[in-house]
Amino acid sequence: LTGVLDDCLCDIESIDDFNTFKIFPKIQKLQERDYFRYYKVNLKRPCPFWADDGHCSIKDCHVEPCPESKIPVGIKAGSSNKYSKGANNSKELEDCEQANKLGAVNSTLSNQSKEAFIDWARYDDSQDHFCELDDETSPDAQYVDLLLNPERYTGYKGPSAWRVWNSIYEENCFKPRSVYRPLNPLAPSRGGDDGESFYTWLEGLCLEKRVFYKLISGLHASINLHLCANYLLEETWGKPRWGPNVKEFTRRFDPVETKGEGPRRLKNLYFLYLIELRALSKVAPYFERSVVDLYTGNGHEDAESKALLLDIFRDTKSFHMHFDEKSMFAGDKKGAKSLKEEFRLHFKNISRIMDCVGCDKCRLWGKLQTQGLGTALKILFSEKEIQSLPENSPSKGFQLTRQEIVALVNAFGRLSTSIRELQNFKVLLQQTR
């Protein structure tokens, strides 16, 4: 990938350099701080759009329950009763155990952490959202340590995973069903249609609707990159070895194997990176106020976390080729307002679809990254409110909850990692040729 991206005046090489040398090392450090590593999530919310098809798509089979202390938070109640124990043969049990191991969410938290969360909650307040937020007071909502639950390949694939992405693209990307979108390199092509009719149609859309599609496509590309870069390569003596899978990367992104679709997806990843980068630079004044603490109860740690976050904001502001969001929703006020609301509702719907993801770890990271992007959009559409924030008192007009802050930073961290991993795959591909 080289050259200038569509719909903005920025080239890929500049983003690569900026990310590798400035952003990536700092955002990695920030994600390890206590404030950013714990995310509260409800992994038990039912899918609001179709009958739930159970835990992980590999096999929905009964496995002997673990001791209470070791049961992962996200195992959905009741899903194991769909088939009787006798109906499962040993191969299915093996597959299911493997899927459970790969997709399980590690929910171990110290008592100290739990007490800190009660304190943090007092610092939160909430308002207008682009995302369907989990009810944090629900008994099913629990804190997850993101460092103990890295995003990686879990074996979750097949009809259940397809249905989620299909629903996102087909029903939420402002697209008539008659226009074919080549969703995935594995998708069967429809006759002689190579998907070009979709792009001809996309170019005819207004900027806002084009941007919406690119954000979703970029998120999809980023998630696929994480899975390729953190793939289960082998498991010997019960010790899994994770690493980059070049074959899987090629299958998902190679221009020939994807009929030209792969590079477009990767360009959309860069576009999404620019959008979230822009949001970080815009939200800086919110955090620069002395009234905003990244509160964990440990004063020294909190001060260090805030200093590192402000340092990252300085870097984002120094980037000289930002996306200009002023070009969006800039028409007549009434039309712009209704389009913005449509944009918000479509995105909110996508955040609800994340409750239909059948693998807990995929659901966790899907919800987090969707909420991060939703928070970025909220920031970009609240510029006036952010600029008029009072210095020494909590703001009425614009507020971010701790959940939104954690999601924003971790979602951008995932994009930064994706672009870093892409550099790594370029090197690996050169070595294999």
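Cβ atoms here come from the backbone N, Cα and C positions, even for glycine.
Here the structure is a predicted model, which means the values were calculated and not measured.
For CYS359 (active site, nucleophile), other Cβ atoms within 10 Å of its Cβ number 26. Annotation comment: TrEMBL describes CYS359 as active site, nucleophile.
Taken from TrEMBL, the feature active site applies to CYS362.
All protein chains shown were included, and the count of other CB atoms within 10 Å of the CB of ARG152 (FAD binding site) stands at 19. Positions annotated as FAD binding site by TrEMBL: ARG152, THR154, TRP165, SER217, HIS220, ARG252.
The disulfide bond annotation in TrEMBL covers CYS56-CYS61 (among others).
Residues or ranges marked as disulfide bond by TrEMBL: CYS359-CYS362 (among others).
There are 25 other CB atoms within 10 A of the CB of CYS362 (active site), with all protein chains counted.
The CA atom of CYS362 (active site) is located 8 Å away from the CA atom of THR154 (FAD binding site).
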